[in-house]
2 protein chains.
Amino acid sequence: MTDFTATKAMFDLPEGVIYLDGNSLGPLPRAARDRVGAMMQDEWGQMLITGWNKAGWMAKPKALGDRIGRLIGAEPGHVVMGDTLSIKVYQAVASALELNPGRKVVLSDNGNFPTDLYMASGLLKSLGPDYELRVVDPEAVEDAITDEIAVLMITEVDYRTGRKHDMKALTDKAHAHGVMTVWDLAHSAGALSVDLAGCGADFAVGCTYKYLNGGPGAPAFIYVAPRHAEHVRPALSGWLGHEAPFAFDLDYRPGHGIDRMRVGTPPVIQLTALEAAMDIWDMADMASVRAKSIELCDLFIAEVEAQCPQLELASPRDPAFRGSQVSFKFDEGYAAMQALIDRGVIGDFRAPDIMRFGFTPLYIDEGDVRAAAEIVTDVMTNALWDRPEYMVRHAVT
Amino acid sequence: MTDFTATKAMFDLPEGVIYLDGNSLGPLPRAARDRVGAMMQDEWGQMLITGWNKAGWMAKPKALGDRIGRLIGAEPGHVVMGDTLSIKVYQAVASALELNPGRKVVLSDNGNFPTDLYMASGLLKSLGPDYELRVVDPEAVEDAITDEIAVLMITEVDYRTGRKHDMKALTDKAHAHGVMTVWDLAHSAGALSVDLAGCGADFAVGCTYKYLNGGPGAPAFIYVAPRHAEHVRPALSGWLGHEAPFAFDLDYRPGHGIDRMRVGTPPVIQLTALEAAMDIWDMADMASVRAKSIELCDLFIAEVEAQCPQLELASPRDPAFRGSQVSFKFDEGYAAMQALIDRGVIGDFRAPDIMRFGFTPLYIDEGDVRAAAEIVTDVMTNALWDRPEYMVRHAVT
């Protein structure tokens, strides 16, 4: 069991704020600032270039990969950190295509986060006119898996609605048709129980600034199933994926296993901030996090639906088909979210009409959920959103 | 003129160390730790998700790009930060190829840093068997530029010897033959005067953890000439390169100008550390940095050659053909470098026999150079390197 009182105390949360946007950017772990400060002063400052060995900088991407790997059911030694999620999607899809020669269709759905579609589309254009990115409705994915498909590229949890795909069922069907799978865990890692090994997933990728609380611009991770690890030819073949980076050979020879998915020099300062976040995650087990997340989401849905008939639930009601967020539709959702933020309830808005609330048991408890629901009720019942300054949309929300 | 006494005081340099490896990892700016700490506490901690707008996180990649742009002769608004140098090389070469349809050969030289060759080679393999990476000796590059070449991909300064290519002459010849140019400025930015606009360079890329002192894993930069900025189709088409990232469209439409070379979420903590370094660079002009660098390099060569006949100069003697480093060949160079590091002179070693010393006027002065040369003389004259513990090579140096 996870001691959620203990984990909550390890975050630095602003006074007067109920933060329901940890699905977009997780809050600051209390230890992160000092840890990063010490790394900068004692390692970068004093060890200088020797920090790569002496302070273990070069080993951080795999060490952190394993700590995240525990949360997503990966075999030890098969997850590595680096780059951004966009880059890791590209790497995974390109590598998966290579493992499935002769097929030229990548299947995804229109609930996927757009950058996954953009990166895959750009990749396929570069490979030639025979390649196709086929995008269907989320509900149509299962039927669209055929012997024609090379790679199934799916984000497990929809970033807008929280709708959750069945990883095991889709992976099984994919494999029955000779299809490689790439799972994007952006809204899964740290949000719900993921069992990559148990599902037989081929590739997985994810980011660490949402539920994992690594900080703005924290690096991404990539998983390659052990059965592929020594066969995959990395699409972005950088020097740190080389078998012997410091031999400075002119020809590329892939490193062993997941090491070959490394590309360039790792972002040591960001990785150090992420370590402080993973110290908290090391105290948690995903089964209890998931159970608590479902309790919190169900409670929020019940409270809001009882008081706010204007809000229509946009997330699946059955928690088995939902991630760790709750979304409501409301035509004036943008203004309503601004009104909520003004009153200390931070969620976010996704066009055209989605109000999104993330529930993160490491630092959000039942008291927070009840208090947030009361403020939502006040804003909706009294139409507090109906003020001109709440209607002005910013370029970035 | 740059006040080098003032800039030196702005770095936190360890006691008893003469740091001649700033060409590999620059030292810690004194202000960096507090600046990063404040960003973490006041922005990430207190603003949470709203930091993307309120604290200007989203704008940092272009704001920092312009500050670096000044040092490399780029037009304002045409440099953006992100990813690693390996990724930016890939993006630049792929984009340059697209602008030169019908040609299929990328020309480079064997003095290039290996990751550039690895990334280009991986890219070309993915494009098909007709594509070729042609790697010649550095001295043979000019003659190898023909109408057959699509892209000339060159690192201006050789990471081992400091040998410097003539950017203007090679770019002119390239353009005369319809060849696009990609310049890697890893050992140029902050090391010497670069005039991208004056040379008519098409693309340039570089890293910021060497001469620019951004810290371990600091992000890379990319430049696209204004004449190409609205025509280039970005090879790695991520959501932050989209015309309207927060519209979450399913289809990719490139953003305007250099914005389209952005890919994923920027590493805000690393960018904040880099800001502290750029505050120092803002006080410097490259003409005086270059003049001082040549003085320091020439002084070191003169002192070492006068005292250490065992060391053979591996760098060009004429500063016009040299970057901001001095390399010597010595069969027992690995052991000799370990002996130097033990005595507080930190340079580095590159196989098979190169001892490398970087000269960085922002924090290295003539006194440091004379003191370092004396220690080199002591180590060489008295064969202080000839001890078993100095012979043991580590995996990473």
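Using N, Cα and C of the backbone, Cβ positions are placed for all residues, glycine too.
No curator has checked TrEMBL annotations; they are predicted automatically.
The following features are taken from TrEMBL:
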{"type": "BINDING", "residues": "B:Leu85, B:Ser86, B:Phe113, B:Pro114, B:Thr115, B:Asp116, B:Thr155, B:Asp184, B:His187, B:Tyr209, B:Trp239, B:Thr265", "note": "pyridoxal 5'-phosphate binding site"}
{"type": "MOD_RES", "residues": "B:Lys210", "note": "N6-(pyridoxal phosphate)lysine"}
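Feature map: TrEMBL annotations on the structure.
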residue  : record                              : DSSP (3 states)
B:Leu85  : pyridoxal 5'-phosphate binding site : helix
B:Phe113 : pyridoxal 5'-phosphate binding site : coil
B:Thr155 : pyridoxal 5'-phosphate binding site : strand
B:His187 : pyridoxal 5'-phosphate binding site : coil
B:Lys210 : N6-(pyridoxal phosphate)lysine      : coil
B:Trp239 : pyridoxal 5'-phosphate binding site : helix
If you count other CB atoms within 10 A of each CB, which of B:Phe113, B:Trp239 wins among these binding-site residues? B:Trp239
Taking chain A as the partner, extract the recorded positions from B:Thr115, B:Thr155, B:His187, B:Lys210 whose Cβ is under 8 Å from a partner Cβ; order them by sequence and answer 'none' if none remain. B:Thr115
What are the sequence-distant neighbours of B:Leu85 (pyridoxal 5'-phosphate binding site), meaning same chain, six or more residues apart, C-beta distance under 8 angstroms? B:Thr115, B:Asp184, B:Ala186, B:Val205, B:Gly206, B:Cys207, B:Ala220
Local Cβ density at B:His187 (pyridoxal 5'-phosphate binding site) - other Cβ atoms counted within 10 Å: 27
Here the 10 Å Cβ neighbour count for B:Thr155 (pyridoxal 5'-phosphate binding site) comes out at 27
Roughly how many angstrom lie between the C-alpha atoms of B:His187 (pyridoxal 5'-phosphate binding site) and B:Lys210 (N6-(pyridoxal phosphate)lysine)? 7
Using a 10 Å radius around its CB, how many other CB atoms surround B:Thr115 (pyridoxal 5'-phosphate binding site)? 28
Other CB atoms, at most 10 A from the CB of B:Lys210 (N6-(pyridoxal phosphate)lysine): 27
Can you tell me the CA-to-CA distance separating B:Thr155 (pyridoxal 5'-phosphate binding site) and the residue listed as 'N6-(pyridoxal phosphate)lysine', as a whole number of Å? 14
Using C-alpha atoms only, work out the spacing between B:Lys210 (N6-(pyridoxal phosphate)lysine) and B:Phe113 (pyridoxal 5'-phosphate binding site) and round it to an integer in Å. 14
